[in-house]
């Protein structure tokens, strides 16, 4: 499968040959024509030759025109094939995708006049097809590309900052340590590395036309690690889904050795499709810096990723099913029950990446397509920010741990530097609050609400289901 959002980034890649300002100006609305990269240019020429061959073969195979009245003969205009057309009819086709400066979503037209002759341009009196709408670099499209470009930079920058802070919290506070948090830390790390590589690519490779023309090995290595970290990111989402689903159907894993399978799936398996893609890309579609998305070889990576997302989608449905079932058993009000189910679903969606399954295709309508672009790009680039916020900063146990640490810090500060009597009483209250917050107890629900000394494997299936129920309910209320 080819993700629809990757095609949108093609607009960014195209900008590499035009590093100067290309937004519309009142004194100059003429934009330079994109100079294709050598490999992509040869691919486009091959597409053009193949289309011409198919056109002439088609013209020979089609039966003679059987309509009444004058008509325009079937023809090849140098770019596209046109069938026999009745007089007075405007033929319309989608623009070809031979070169990057062609927008295949736009339309090309050719008019057959009333006398049955293809329209001729008045300036040169030659047969003319209208390809003007095929230009991929109109001011509006370029401005939209710039907006998406800076949206990507801002989103991934904010994701890196929040994820680094979240990862630091999980690493520093050992009381938060458990298998589920270990999975969180690994997934956070993939978000951080993936966002860093994307920013490097957008800042150093995309605007540098000279670098892309030279086609150094380093930019292809960067692309390899970008694809690898992207795959790792989605497979660690799958690990999170497997772990949560396991809490429902079997008892909770307690031995650390089980984590090795998650490490193998999250870090090891993505190497397989990424390596295969790199080898086949070098052999069969070796474009400059591997920036083109017009190749089916991307299915090698995106196929397994899509499978992981679909599996997580079914995990989500089953988790919500269990949540609704348990709330029915507790005889909660129906409206409140469904409200909690919706909240739990919204909490799990950014963790499991389900939005890419729910909205897999871009609408063909221009307005809806633009809305889809901004919506999906916001989810993609800010997903790390959302995950860090929901699963760390809004987590009750993390907040309790931070409050306890802050209270202890104030106590130590006051003891070191001395305080007035009123401040001493405040420090005493802070100490009492810190002790009440949990002391040395293991976190309550971030680690499945397991008491430290109780064997987790004795809870059975129902106990495991209630653990997940408590996790989701408390995180959704955070």
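Cβ from N, Cα, C; glycine included.
Of residue 177 and residue 288, Swiss-Prot records each on a different side of the membrane. Here the candidates are the recorded positions 72, 73, 95, 112, 130, and by Cα distance the one nearest residue 289 (disulfide bond) turns out to be 95. Sequence-distant residue pairs (6 or more apart) of the transmembrane segment (297-320) and the transmembrane segment (182-202) include fewer than 3 whose Cβ atoms are under 8 Å, leaving the two stretches without contact.
Comparing CA positions across the recorded positions 73, 81, 95, the one lying closest to residue 112 (disulfide bond) turns out to be 73. Only residues 6 or more beyond the boundaries of the transmembrane segment (260-280), in the same chain, are considered here, and those with a CB under 8 A from a CB of the stretch are 183, 186-187, 190, 220, 224, 227-228, 231-232, 235-236, 238-239, 242-243, 297-298, 300-301, 303-304.
Most other Cβ atoms within 10 A: among the disulfide-bonded residues 95, 112, that distinction falls to 112.
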